[in-house]
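**Q** Next up is a structure, given as structure tokens.
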Amino acid sequence: MNILSIETSCDETACAVVENGTKCLASTIATSKELHESTGGIVPEIAARKQLEFIVPVIDKTLKDYCAAAGKTRQEAIESIDSIAVTAGPGLIGSLLIGVEAAKALAVAWNKPLIPVNHLVGHIYANFLTENTEETLPIQFPCVVLIVSGGHTDLVLMKGHGDFEFIGSTLDDAAGEAFDKTARLLGLSKYLGGAELSKLAETAVQPQPSFLPRPMLDKDNYDFSFSGLKTSVKRIIESGIYSTEHVAYEFEEAVVDVLVTKTIKATKEYGAKTILLGGGVSANKKLRNRMQAAGESIGVYVRIPSLKLCTDNAIYIASAAYFINTPKKIEEVTADPSLTIMSNFGNNGN
Ligand code: KG4
Ligand code: ZN
């Protein structure tokens with residue numbers, strides 16, 4: 001089964017063709033990130049205008065690449081596509097609408113089923129992609145999933161495909177947001193500085209005992225809170241006691257400590273057989289290494305998407321559409337910026 005997918009939830013315009021939810025046959029991503037770097041934050045109106053500018057060329061390039069890879073004419077390529085999938089939310093309304101309307105137009109023109117996908121569920125399905133369709137992934141249900149993106153930090157129990165139970169979430173800033181705000185406080189990139197902060201942290205020589213709190217670790221629940229950490233960082237920077245690389249190191253340590261400890265606790269409590277990570281922050285090297293080591297120590301398989309699949313793309317949108325496979329009537333598919341991880345279009349009936 002081949003799915004053509006479209007993702008336009010924020011500042012990336014992406015399209016892909018994926019076979020059986022696991023093998024990417026073609027993928028294109030255009031981004032307006034540089035523009036938002038220059039303004040120090042995303043301007044939704046500009047992101048939406050760029051989505052509009054990019055969407056047709058991105059779909060066209062994906063189809064060309066798919067034709068070339070599969071040795072098909074354009075007509076044969078279109079005929080070989082079984083469904084169209086599109087990110088319905090969460091995200092910026094102006095950006096989402098471009099992708100949703102483009103996907104609807106293709107579904108009508110080509111007479112294909114249309115599958116709306118929750119972007120956060122998409123991040124989870126980055127774990128189900130392989131470079132080789134013959135590969136059998138050792139993912140066993142139930143899985144505990146940690147989703148750490150720019151706007152969300154969620155812990156969920158995945159009992160099967162599309163079958164999710166909410167475990168916990170952030171009460172304020174998402175982990176990615178905390179990385180970005182702290183990067184800004186440290187004078188690094190003004191927009192999505194998480195990766196840059198992490199690089200700076202790597203240059204710190206082993207610092208003194210930790211000087212930042214581990215928020216919510218003492219609470220008997222699975223919720224997170226990162227805004228206080230950012231405030232502590234601000235105070236520490238103002239005090240001038242520590243160098244910026246030390247602060248970056250300690251901030252990353254604190255976030256990773258909390259994320260790993262809560263994930264492992266949930267894994268034990270729910271008897272999960274696999275831990276899955278998803279979202280932009282799962283590209284963080286320290287988080288990847290610590291989670292792998294912690295999983296190993298309790299005998300649980302940890303699966304983390306390859307780096308290029310951690311950040312936004314259309315490949316995992318097709319994968320989620322394949323495994324959950326809930327087409328909707330074209331007129332019922334709408335962009336919904338406020339979707340949460342539980343609005344999963346799976347067997348919860350939404
Ligand atoms: O999932 P994503 O690409 O977009 C959303 O759906 O939000 O996540 C973007 C977030 C940003 O906050 C970015 O700073 C963060 O992921 N990020 C990282 C790293 N790479 C991306 N945070 C920490 N370390 C990284 N290496
Ligand atoms: Zn994302």
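Counting starts with 1 at the first residue shown.
Any Cβ shown, glycine's included, is placed from N, Cα and C.
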**Q** Which of Asp257, Asp312 does TrEMBL put in the same Fe cation site as His119, His123?
**A** Asp312
**Q** Of the candidates Asn111, Asn118, Asn284, which one does TrEMBL list alongside Ile147, Val148, Ser149, Gly150, Gly151, Asp180, Gly194 as binding substrate?
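**A** Substrate site check in TrEMBL: besides Ile147, Val148, Ser149, Gly150, Gly151, Asp180, Gly194, the record includes Asn284 out of Asn111, Asn118, Asn284.
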**Q** If one measures from the C-alpha of Gly151 (substrate binding site) to the C-alpha of His119 (Fe cation binding site), what distance in angstrom results, rounded to a whole number?
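**A** The separation of the Cα atoms works out to 11 Å.
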**Q** Where ligand 2 binds, which of the binding-site residues Ser149, Gly194, Asp312 are close by, with Cβ under 6 Å?
**A** Ser149, Asp312
**Q** Distance check, please: Cα of Ile147 (substrate binding site) against Cα of His123 (Fe cation binding site), rounded to an integer number of angstrom.
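**A** Spelling it out, the Cα of Ile147 (substrate binding site) and the Cα of His123 (Fe cation binding site) are 7 Å apart.
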**Q** Measure from the CA atom of Asp312 (Fe cation binding site) to the CA atom of Gly194 (substrate binding site) and give the result in Å, rounded to a whole number.
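**A** Per the Cα atoms, Gly194 (substrate binding site) and Asp312 (Fe cation binding site) stand 15 Å apart.
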